[in-house]
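Pulled from Swiss-Prot, these are the features on record:
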type     : residues                                                                              : note
REGION   : 1-26                                                                                  : region 'Disordered'
REGION   : 75-107                                                                                : region 'Disordered'
COMPBIAS : 85-99                                                                                 : compositional bias 'Polar residues'
REGION   : 123-169                                                                               : region 'Disordered'
COMPBIAS : 123-133                                                                               : compositional bias 'Low complexity'
COMPBIAS : 134-143                                                                               : compositional bias 'Polar residues'
REGION   : 185-206                                                                               : region 'Disordered'
COMPBIAS : 189-206                                                                               : compositional bias 'Basic and acidic residues'
DOMAIN   : 211-258                                                                               : domain 'GRAM 1'
DOMAIN   : 262-360                                                                               : domain 'PH'
REGION   : 444-477                                                                               : region 'Disordered'
REGION   : 527-594                                                                               : region 'Disordered'
COMPBIAS : 527-537                                                                               : compositional bias 'Basic and acidic residues'
COMPBIAS : 539-554                                                                               : compositional bias 'Polar residues'
REGION   : 610-671                                                                               : region 'Disordered'
COMPBIAS : 628-647                                                                               : compositional bias 'Polar residues'
COMPBIAS : 657-671                                                                               : compositional bias 'Polar residues'
REGION   : 727-759                                                                               : region 'Disordered'
COMPBIAS : 729-742                                                                               : compositional bias 'Basic and acidic residues'
DOMAIN   : 760-826                                                                               : domain 'GRAM 2'
BINDING  : SER949, ARG950, ASP952, ALA1252, HIS1254, HIS1267, GLY1271, THR1272, ASP1291, GLN1292 : UDP-alpha-D-glucose binding site
Amino acid sequence: MAPDDESKKRATRKSTKRWKEEHQVATEIPERFREGDDEDEDCTAGHALNKSVFGMIAAASSIVDFNARFDAQSSDEEYDLGKPTRQSSESHINRSSIDQKMGKFEGHRRLLSESKILRSFSRFSSRSKSKSSNTIARGSRTPSPLRESRQEPTSPEIRYSPLQPKDTPVMSRMLEARAELSLRPSFEMPRKSKDPAEVDDERTSPDSLAERLMEIFKFETPEDVLEEYPCWLMKSVLLQGYMYITTKHICFYAYLPKKANEVVKSGYLSKSGRHNPKYNRYWFRLKDDVLSYYTNPSDLYFPSGNIDLRYGISASIVEKEKGKDSTHFTVETHQRKYNFNADSAPSAKEWVKALQKIIFRSHNDGDSVKISLPIENIIDIEDSRIIDFADTCKIRIIDNDETYAIDEYFFSFFTNGKLALSVLKILVGDTAAQKIPEELLSPLSTADDSRGSSKRTSFQVSRDRKLHGPSVQPNAPALEETVRATLSPLLAPGAGSPRASTDMSLSSSDIFRRSLDINKHGRRSIDLNRLTTEHHRSNSANSISTRRSLSTNRLDQEKRTSKQGSSDSYVHSLEEPGSSEALPSASDETQASASQILRGSDVFLSPTIQHSPSVACNRNKDEIQGPKSRSLTSPIKSADVSPTRTQRPQHPKHAATTGSVSDSNVGQAEISSGPSLQSIVKAGSYPLQRAAGFAGYLNRHSKRMSTLLASESMGYVEKVSGMWKGGKKHYEEPHGIPRDNEMPSIGDDDDNRDGATPADRFRDHFALPPDEKLHATYFGYLQRVLPLYGKIYISDRSFCFRSLLPGTRTKFILPLKDIENVDKEKGFRFGYSGLVITIRGHEEIFFEFNQAENRDDCAITLLQNVETMQYMQDSGLLTMYERESAEMAGAEHRALIQARRGIRSEHDIDMHKAADGGSQSISFDDPRASILNFKPTEPLRITCLTIGSRGDVQPYIALCKGLMAEGHQTKIATHLEFKEWIESHGIEFAPVDGDPAELMRICVENGMFTVSFLKEASSKFRGWIDDLLSSSWRACQNSDILIESPSAMAGIHIAEALRIPYFRAFTMPWTRTRAYPHAFAVPEHKLGGSYNYVTYLMFDTVFWRAISGQVNRWRQKELNLQATGLEKMQPNKVPFLYNFSPSVVVPPLDYSDWIRVTGYWFLDEGANYTPPKDLTDFIANARADGKRLVYVGFGSIVVADSAVLTKTVVASVLKADVRCILSKGWSDRLEKKGANNVEIPLPPEIFQIKSAPHDWLFSQVDAAAHHGGAGTTGASLRAGIPTIIRPFFGDQFFFGQRVEDLGVGVLIKKINVSVFSRALWEATHSERIITKARVLGEQIRKENGVDTAIQSIYRDMEYAKSLIKCKEGKSDDDTLEDSEESWTFIGDDTDPELIKRFYDWESMAHSGTLSDKNMMAWSGSDVASAALSPTRKAA
């Protein structure tokens, strides 16, 4: 390392250490908050049994496995099919503050992108150095004159910590990491990127089109542009672009930006196995360059297999019967052919189109397609009638003057085609290529279709010429240039494997620039005789070059090795057992990793005889070269197909699908003359007819047997035993520069001896992009149906798991951006340590470790990576280099547009102006949107039925105001005490019996659905329920739509009696899911998806059994309906509107399509609120004194002793040294004294208010502490302030847990001075919590829950009506045998047959010709098979 580099590194370490020292005091919790005498006390604790029935079950279930999960069902072959390994590249982490403007940073990036420094980005990673601030960052909240003067300092930046020594105690690392995490803000908000159209090109901007073309296509001098035409390049797809005809070249340019992290298509398909022709049905998802398939669409983190389309060759329809549209199609890769069967012919065509586009993109380097054809190389130009409505020309061109391979390019012109063809023919009237003798030209191969661009690659032709030795014609004219293109050739399967290179992929301009320099010195070809002779002198195959000279990745520095498919990966050679070729060297097994040894061991896999392509290759060369060359030949394959953007060295690697290790490797070290233990074992597995050779082999090598057993057997045993023992391994510093291509990882020397780094194998196992960087690995158990032993991988973007047990193929891929929190808990088994990963919208995933030290290390490493991931711009969707490449391609595209405008010809008509805008994404219209998503032509009478506190009523006021703005008549039926408030907003009111304060008292004193609650409710609320049902029936008369909170209990029966559409709406989860527990049954510790799902079943059952008798009597007496039950009501099929934010409660994957998480329904009343002067003065004084201001209020909660609670709050505020706005609200509602009476004198640091609008109040404070009600929680989160929640009952525990999981606040289970004061200090000083809360607040403020809810009502209106029609058609004695029937509506939204059926069904339904039975039959069979939209699935 250079001295200046070393000094920079030391300076970085010093600055990192200095940054830690500066902030250590600020992030450490002060001593006064550490411990307290009242740590275990709770001033709000009740005297009665306050334990929920569900809590008791959860506590008793600690010895019961509630975490049984559906295991992924594998087909007969799976994902890892021997794909080549990949070279990692670096991604740049932007560490500038989230509060800073990006202008300066973008300018810096622009300068970087234009400099030559970027050429070396594949080896270096830049580290930005910026000053950190000691001040606490504040969120951008609702503007207020009281807060405008407050400074908004920047938040601290991430610094790389030095590599931890191997013997560093894990506790020290944990404490250090916790200190860093508390300091570190979390940037979940994507950075504001500059519009590409606004990026100025700071280079010297040539004005002429000729100079632009010289820059883009790297001509030596500007060439006059004769003509330019919009045209289409015809390959497997049609690519729209422009043809530029200059004096020396015919150039084609198309802007083809890549799209990262985008699901292109998803749906059900049937797939046949490798050896089993039976088709198995899977859920497929096409994302980026990978086609993944799953046994369960809700388990997207457990793929059954992956198909890497970067190695794809083609996707095509397979005709089974002539004249009929086929539903079968195939996907070919360099290794094998995959067979698929779609549900319909249009669906198959859509899949093939999508796959062809992805394969085409993946074989292009950069974000633009460039083809440069030298005119002197063109043989002829012919008309080709491929498309009837377009003029198409075929250009035959010689690739270079060494191989004389002929390529064909097809271009179609939709306008001015005749003129373009005449110009081209005149231009190539007399070229050097036409003077080359015919015997030198390579014959065209017929393997490719007529539209392929490359009929035969240069390497194939060169190989044939070297083997057959054609005579060279010295009088052939020389060709000065070669064809250059960013597109790679597509070879037939088995012809080769993907190319490999240690270089990062370059942008299109870099590719052109560097290929130009190489082409000046002529092209290089490979001499097979020389290669095979010199093979043993090198550890890797010689570099060879294919005809695509445009990509440097295919030139000098490629390392070629043969790569077998997984079926050929475990090769038992039939050569002489005594030869070194027949038996692998010692490094094949003893130098492999433990998992490779286990998978490749003959103990677990019976050896089979498999033929390898290399055998035939050797034989062919033997026939040509003679017997003398037999001992020196090695299997060499032809030119390799290139994957996407980044190439990497080829290595034999572990094939997870077949459990095998490739034995054939061209790039292996010198063939060992000595035997190995594993070679003897493998030799013993050969057929008996080779026994003579085997005996001779033993006789020759028996003298060295003792040395072999002593030296090599321990390597095998130690690695396998070490794998089963478990452990951990770090491959780099947690957030530093990857060391895969710099130096062997710590303790990983053996793993790297075969040339493949652990990071390479990791990326191959999970089909991850080449720039994915491996940080650490661990051995542990994944808790599913049974504990599944395997290996855990943590990278900079993903958390992965791979099972190691023989016979299992489970893989788990979890993006770090989907992780909400990581908790450490006790294991399910005695002596094991547990790790719980909370995932957005998914059930928790549990892991177990046999050592607590490994569990702690894994938790800290994972948390650090998750936090770093949130800092990365665009959440790591694109690396910095890819962004730079995309920007450069965009700049080239805009420059061409600008240059063309100056010489716009008559050829550019309107239909081709779309090409200027780049590649537009294809948008598929949802067929249901045009049918169901409509606004009613006439105003509707909408009634909202709810009971409870003020927080339960307020969202309905906001919804009704939105509906009134749409022209509808609204009414709210609730408790009498809210009448004035509701009518003040112009909403009609209808009374419902019941005292919310009495209900609140029972809930608080007894807990929700506890034993004492059930006792008191059954004794006191029998009459109350009867009154509630009767009053609700009267209140809901004259309604067209009923929207009800399910806690009101009567709505679903009233809607059935009135025969009107019925919707449910609630503030807490009420629908069965595995992602979250029922809001009334939140356990102390996470218990997994099975427990979560069971809580809903138990609650529904218990709740219905408690009220079913009264409800059925009421139905028969007042509603004139038959008695019912849960099976007949089908409550899980009712359309549901959840009025909380999808950013707070992420919609689970198993929610049905009629379950909508709309966002909060806020009733903003702060605009008309005038705060009292003493309150504004108090706030101003707190700001002037530099004190943090908090809000404390427990709203609609009744406590046993409000005086003790007030005293505790006062003491905590004084201890935390903050100012407090105290709102007591209903906390003393049932007490005889007035609500304004204060039990103890309040100090000047506390200001008491009775009430204030949350939208105004929370914008004035720095943190809020409250009970965790849905409405109050939503208001504090929207304000972007940290939230402290002390739950009392009901859904408050659920939202408290969500706040803690999201990292935007603190959940406390008890209130005392020690706990509450520490929570106040942490909420006002933790930069991590403050920043996360600010980012979440910005996300919530962008939502409009009321508008989303209204549109959801419109969209699901017909579905709600269909439920009423189904019930009308049932006879009295109908038992609804199919009551639990559910359909999954998933798949192809553009299926024309499906759209037609929807319209037919809609028209028949309106005309009355469709019977209810037919309606149900159609919605079952056809929709299940045709599959409509993701997530329409009954829970």
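Counting starts with 1 at the first residue shown.
Cβ atoms are placed via backbone N, Cα and C, with glycine included.
Note that the structure is a prediction, hence the values are computed from the model and not measured.
Neighbour count (other Cβ atoms within 10 Å of the Cβ, all protein chains): 27 for HIS1254 (UDP-alpha-D-glucose binding site). Taken residue by residue with DSSP, SER949 (UDP-alpha-D-glucose binding site) is part of neither helix nor strand, so it is coil.
Its Cβ placed at the centre, ASP1291 (UDP-alpha-D-glucose binding site) has 23 other Cβ atoms within 10 Å. Residue counts for the domain 'GRAM 2' (760-826) under DSSP, split into helix (H, G, I), strand (E, B) and coil, are 10 helix, 38 strand, 19 coil.
Residues SER949, ARG950, ASP952, ALA1252, HIS1254, HIS1267, GLY1271, THR1272, ASP1291, GLN1292 are recorded as binding UDP-alpha-D-glucose; their most distant pair of Cα atoms lies 23 Å apart.
Same-chain residues at least 6 positions away in sequence with a Cβ under 8 Å from that of GLY1271 (UDP-alpha-D-glucose binding site) are, in sequence order, GLY951, GLN954, PRO955, THR1067, HIS1254. Here the binding-site residues are SER949, ASP952, and the one ringed by the most other CB atoms within 10 angstroms is ASP952.
Across the domain 'PH' (262-360), DSSP classifies residues as 19 helix, 46 strand, 34 coil. Averaged over the domain 'GRAM 2' (760-826), the predicted model reaches a pLDDT of 88.
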